[in-house]
Amino acid sequence: MAKKKERAVNVSGKPRHSLDVNRANDKKGAGGGAGGGGGGRSAATVRRLKMYKMRPLRDRGGKILKHDLQSKELPNTRIEPDRRWFGNTRVVNQKELEFFREELQSRLSNNYNVILKERKLPLSLLQDHQKQARAHLLDTEPFEHAFGPKGKRKRPKLMALDYESLLKKADDSQGAFEDKHATAKLLKEEEEDGLRDLVRHTMFEKGQSKRIWGELYKVIDSSDVVVQVLDARDPMGTRCYHLEKHLKENAKHKHLVFLLNKCDLVPAWATKGWLRTLSKDYPTLAFHASINSSFGKGSLLSVLRQFARLKSDKQAISVGFVGYPNVGKSSVINTLRSKSVCKVAPIPGETKVWQYITLTKRIFLIDCPGVVYQNNDSETDIVLKGVVRVTNLADASEHIGEVLRRVKKEHLKRAYKIEDWVDDNDFLVQLSKTTGKLLRGGEPDLTTTAKMVLHDWQRGKIPFFVPPPQQGEDSPSETAEPVDKSDEEGVSSDRTAAAMKAIAGIISSQQQMNVPCQKEFGVTNEDSEVAEQSE
């Protein structure tokens, strides 16, 4: 067979084929020439063009003889007849599975326990799935009476035999729907009492919009640990039971932690009582958000590091901070970072959308807007919880009566230098004259004065707190006075020592209950000792 001659490279100015290296590019500025234009094709261009013409070499029968840019077919192989290739990798009998299921349910009832290596557990076998309700058609009417030669009806009878049973079934389903949705039930109770607010300003529905709830669910879905921030002055009033129910039903693998913020506004015995009460449900920490002088920062960092170690199968964990508006979620994040990374303000609704903050390489923080779950709170309760901005209130004086009822008279005398008053209107008139809030003609400006009082209420200048239930031996009598920030400058050394002793009592009680706690008051070092959770 004659040897095939190789095509010689054309050195003339006009190449004969497109694969010639010396062929110039058509476009100016392209090609492999040194000058950028008029040069020959580069080696990469030649290889690319040659690739377009490459095909596998086949014989007359179509069998591939030589592969070119094709995957080679592996020859038929024989698998070694070993039991390890075909046997079960993990085997468990019914008795062991039942024992493990009971043990798992008993351990998961305690919110301080954490499942390790969730991906290796057959959770689908350990959880009892709810079965769908079946319509027992054969109990209502036999099969032969509905179909076949003896059939008497064109359709089989359903659960409702007549209109009365159908109406009863509809009423039952409506009752179940109303029980599930608390708002409908509350409206029904209001109608029975004969009182119902037909018109309510949209301002009192802040934190309940679809957009805000969407932000909350995005934060929950993205978080491995959810920290619910509560106001230490009214923890139960700022607690969202709907969120806890949602996590139990739909996200059992996520962990919930309570954070009692603003504990500097309440006495130590009240903080201790709320820690005992809330720790029965979820891990609870006391916290005071401040970049310079914080309390509880070491405990919270220790808990977050512990969760990061427990989630060792993940590269990083996300911690979402949720709660009512104006409870200090953004301030807590700024305290953990020791600098201002989130926009904060003493007014509700400052955070509009969720925000990712990097704490460490393995811990990320998520700031969430304040969310309010619709309940039977009145407009005054909504204002006093800090959900509504005081500057937007049309008539702020109508909420002062509740403030005078909740706060002791001696604290108001000490704060506003007013000796006595008859009602809320008289109180506002005297305060307007004292502070110089007057209109033309010397008339008192009641609206501006009322807004000033509500601002002082929301910012903690007026001492107020809800006492914890089942007060123990450490709690004082009912005549105990709340913390008054106006006397902080004149506190003697004896009272300071007593306060430090009470805080030490809180820390010791947390250690006895296996609650993560901060070892020293005022410690902000991130390398503090890790608190251990109960197993």
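Yeah, the Cβs are placed from backbone N, Cα and C, and that goes for glycine too.
Residues or ranges marked as compositional bias 'Gly residues' by Swiss-Prot: 30-41.
Summarising the annotation, Swiss-Prot assigns domain 'CP-type G' to 213-374.
Mean pLDDT of the predicted structure over the region 'G4' (261-264): 88. According to Swiss-Prot, the region 'G4' annotation covers 261-264.
Within its own chain, the region 'G2' (349-353) is flanked in space by residues 206-207, 215, 325, 329-330, 342-343, 367-370, 389, which lie at least six positions past its ends and keep a Cβ under 8 Å from the stretch. The feature region 'G2' is assigned by Swiss-Prot to 349-353.
The list of residues near the region 'G3' (367-370) in space but at least 6 beyond its ends in sequence, with Cβ under 8 angstroms from a Cβ of it, reads 207, 212, 215-216, 219, 320-327, 329-330, 333, 342, 348-349, 351-355, 357, 387. The region 'G3' annotation in Swiss-Prot covers 367-370.
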Helix, strand and coil totals (DSSP H, G, I; E, B; other) for the region 'G2' (349-353): 0 helix, 0 strand, 5 coil
Per-state residue totals over the region 'G4' (261-264) - DSSP helix, strand, coil: 2 helix, 1 strand, 1 coil
